[in-house]
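Participant: Pasting a structure here, questions to come.
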Amino acid sequence: MTVGDTGLVLVLNSGSSSIKFQVIDPVAGTAVVSGLVEQIGEPEGTIPDHAAGLHMIHQQLLDSGIDLGAIRAVGHRVVHGGTKFHSPTLITDAVLAEIERLAELAPLHNPPNAIGIEVARADFPDLPHVAVFDTGFFHSLPQAAATYAIDRDVAADYGIRRYGFHGTSHEYVSRQVAVLLDADLAELNTIVLHLGNGASASAVHGGVAVETSMGLTPLEGLVMGTRCGDIDAGVLMHLRRTAGMEVEQLDELLNRRSGLKGMCGINDFRELLEHIAAGSAPAKLAYDVYVHRLRKYVGAYLAVLGRVDAIAFTAGVGENVAAVREDALAGLDGLGIVVDPDRNRTGKGARIISADDSRTTVLVVPTNEELAIARAAWEFV
Ligand code: ADP
């Protein structure tokens, strides 16, 4: 049997000015073609809208020589599923309308997701289209973890609760941990640290998410490339009163001019490490704040879970920056967490990096959200 004999899935991730795509063999777990169309709707670009962007993707797929007839489903990444969508959902007109309505909760993300779905349904009208939600895995959060301590009528009226994001990655990685350790998922307590441009932590008990660091929006929690993560909400009122900042300015400040970038002007971690090596004090402080926050979350989730079998690092920083893994878990021997420096600094791909006598197994587990989406969509074929 060769790749694609059983069928392929087209996975689309539509952002405001880009569409990422992969054609995946969900059974073999391999990507057959992948690519990215950028600068959609930007003045300097030549692609006026998402329909034109998808048209280019269609052409690239034809040029790639794969058998388009083998594509049996389209999987769409959708950021916000609100309280309604918990699991991968076959897209109908009503489902699409609901995804558009949820733009209220995710104004930057759901509108381009919905447009991507709309144009893809027009281009591939005979295929099932499946939405996979970033929030889905965190539907299971216990009420005590999901509820903000504010006036409950206000919370109810405006859908204010913790939804969590990066769920596809947290679910995929927590399951991979069980596979790698040859352990029963139902028995496993895992902390997943997804450290990319966006960053989030989760606590997973028996395959079910019980805590996560992102909240109503992907702004809460860890320090990120350009987002501040946790902050005293009083800062917003203070800046409103003293600096006269409007809501759009505050939004821009906390989402785009904060995090690593805000503290030292650099949001790319590779560059950050170069600046630290060259002696930059702001870059070093930004790194220290980043690592300190990560340690706090690990400690908090140890307490939430009571016993932790595994801690898994994933995404761009989690998979590639040994120093972050080492520094975030340094000195936790007393809690049963011992990273082996050699294992941590050498090797590639999925692997164990803790010492043999570490009670908690520490791992690097590459994430693969596209494959998880492809497999979810495949269930509908
Ligand atoms: P996202 O999917 O959220 O855009 P990624 O998971 O690709 O993000 O992570 C991007 C981050 O990972 C960037 O800060 C980038 O610098 C960092 N990164 C990726 N590869 C490496 C590497 N080899 N060494 C250091 N940092 C890396």
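A Cβ is built for glycine as well, from the same backbone N, Cα and C atoms used for every other residue.
Okay, these came from TrEMBL:
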ACT_SITE  Asp134  active site, proton donor/acceptor
BINDING   Asn13, Glu369  Mg(2+) binding site
BINDING   Lys20, His194, Leu195, Gly196, Asn197, Gly198, Asp268, Phe269, Arg270, Gly316, Val317, Gly318, Glu319, Asn320  ATP binding site
BINDING   Arg77  substrate binding site
SITE      His166  site 'Transition state stabilizer'
SITE      Arg227  site 'Transition state stabilizer'
Participant: I want to check the contact list for Arg77 (substrate binding site): same chain, sequence separation of six or more, C-beta distance under 8 angstroms. What comes out?
Facilitator: Val11, Leu12, Asn13, Ser14, Asn113, Val132, Asp134, Thr168, Glu369, Ile373
Participant: Got a sec? Which of Leu195, Asn197, Val317, the binding-site residues, have CB under 6 Å of any ligand 1 atom?
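Facilitator: Those binding-site residues that pass the cut-off, since their Cβ is under 6 Å from ligand 1, are Asn197, Val317.
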Participant: Could you give the Cα-Cα distance between Val317 (ATP binding site) and Arg227 (site 'Transition state stabilizer'), in whole Å?
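Facilitator: Answer for this pair: 15 Å between alpha carbons.
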Participant: What is the Cβ neighbour count of Arg270 (ATP binding site) at a 10 Å cut-off, with all protein chains included?
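Facilitator: By my count, 11.
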Participant: Whole-number Å distance between the CA of Arg227 (site 'Transition state stabilizer') and the CA of Arg270 (ATP binding site)?
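Facilitator: Arg227 (site 'Transition state stabilizer') and Arg270 (ATP binding site) have their Cα atoms 17 Å apart.
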Participant: Using a 10 angstroms cut-off on Cβ to Cβ distances, just flag whichever of Asp268, Glu319, Glu369 is the loneliest among these binding-site residues.
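Facilitator: Across Asp268, Glu319, Glu369, these binding-site residues, the one with fewest Cβ atoms within 10 Å is Asp268.
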Participant: About how far apart, in whole Å, are the alpha carbons (Cα) of Asp268 (ATP binding site) and His166 (site 'Transition state stabilizer')?
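Facilitator: Asp268 (ATP binding site) and His166 (site 'Transition state stabilizer') have their Cα atoms 19 Å apart.
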Participant: Give the residue from the binding-site residues Asn13, Asn197 that has the most other Cβ atoms within 10 Å of its Cβ, counting over every protein chain displayed.
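Facilitator: The residue with the most neighbouring Cβ atoms within 10 Å is Asn13.
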Participant: Output, ordered by sequence, the same-chain residues six or more apart from Lys20 (ATP binding site) with a CB under 8 Å from its CB, or 'none'.
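Facilitator: Non-local contacts for Lys20 (ATP binding site): Leu12, Asn13, Ser34, Gly35, Leu36.
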Participant: For the recorded sites listed here (His166, Arg227), tell me which residue's CB has the most neighbouring CB atoms inside 10 Å.
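Facilitator: Result for the most crowded candidate: His166.
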